[in-house]
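Everything on this sheet refers to the single structure shown next.
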Amino acid sequence: MQAYLDLIDKILREGVRKPDRTGTGTLSIFGYQMRFDLGAGFPLVTTKKLHWKSIVHELIWFLRGDTNIGYLKDNGVGIWDEWADDSGDLGPVYGRQWRSWQAPDGRTIDQIANVIDEIQRDPFSRRLLVSAWNPADLPAMALAPCHCLFQFNVRDDSTGTRRLDLQLYQRSGDAFLGAPFNIASYALLTELVASVCGLTPGDFVHTFGDAHLYLNHIDQAKLQLSRDPRPLPRLRINGNVKSLFDIRFEDLSLENYDPHPVIKAPVAV
């Protein structure tokens, strides 16, 4: 995960101070890209311990089309608690946009089901996109989408293996707390879609707009940079699962994850 540490290092060296919505203040860079070969291991940061259970259950929650934190709470995940209202609702956030985008004529569009169908029907299409950025719904969202657009790509490599890539565009990225989580989440999504579509995982490409370190995360970021990355773990997926929407936590296993200890930092709300 040297690619991730390089991002942290660049922000610390070149970031400019900017005010932000939370009032915390940031060091920020604009326009940055990382690439991860999923064949080299699952890109779960090893220079601090991440909560695998939260990563998996949040993605399952998105794929369910859910926008209430009840499912997350039932599974011991509290990462969305700060933004939910008293009934646990978040408004039309990721799950709604992914699975039930509201069309002007009253229809709802299941972007995830559509993109899987398209991968299977026309794998070399350049229209394999999913967007969570719906301007009409932004005012009703508890938090505007940070990771707002992703695109799949199918290609045959030099050995004739058909691979699935994914590129994420993230308009805003909390480099210390959020980015490691986002890397793992979209790498997992790539692996899952590849599995149900009979493809081999290829590259995960992570493109940022504003990538930043909050000013109260600087010491933690420097501590993380002082640690040497360890070998990446391997992800195993239950091969009996044929639908993306049937995935359960128990269908996934992470092998040989040996991270450095957790580094705590406050969440900017």
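Glycine is no exception: its Cβ is also placed from the backbone N, Cα and C atoms.
Keep in mind it's a predicted model, so treat the numbers as computed, not measured.
Over in Swiss-Prot, the protein carries these features:
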ACT_SITE  Cys146  active site, nucleophile
BINDING   Arg21, Arg126, Arg127, Arg171, Ser172, Gly173, Asp174, Asn182, His212, Leu213, Tyr214  dUMP binding site
BINDING   His51, Asp174, Ala268  (6R)-5,10-methylene-5,6,7,8-tetrahydrofolate binding site
Starting from each candidate's C-beta and looking 10 angstroms out, tell me which of the binding-site residues Arg21, His51, Arg127, His212 has the most other C-beta atoms.
-> His212
Counting across all protein chains shown, how many other Cβ atoms sit within 10 Å of the Cβ of Tyr214 (dUMP binding site)?
-> 23
Work out how many Å separate Tyr214 (dUMP binding site) and Ala268 ((6R)-5,10-methylene-5,6,7,8-tetrahydrofolate binding site) at their Cα atoms, rounded off.
-> 8
Cβ neighbour count (within 10 Å, all chains shown) around Asp174 (dUMP binding site) | 24
Of the recorded positions His51, Cys146, Ala268, the one whose Cα sits nearest to the Cα of Arg127 (dUMP binding site) is Cys146
If you draw a 10 Å sphere around the Cβ of Ser172 (dUMP binding site), how many other Cβ atoms fall inside it, taking every protein chain shown into account?
-> 19
For Ala268 ((6R)-5,10-methylene-5,6,7,8-tetrahydrofolate binding site), what is the secondary structure by DSSP, using just helix, strand and coil?
-> coil
Rounded to an integer, what is the Cα-Cα distance in Å between Ala268 ((6R)-5,10-methylene-5,6,7,8-tetrahydrofolate binding site) and Asp174 (dUMP binding site)?
-> 9
Residues His51, Asp174, Ala268 binding (6R)-5,10-methylene-5,6,7,8-tetrahydrofolate per the record - widest CA separation, whole Å = 18
Taking Arg21, Arg126, Arg127, Arg171, Ser172, Gly173, Asp174, Asn182, His212, Leu213, Tyr214 as the record's dUMP-binding set, what's the max Cα pairwise distance in Å, rounded to a whole number?
-> 36
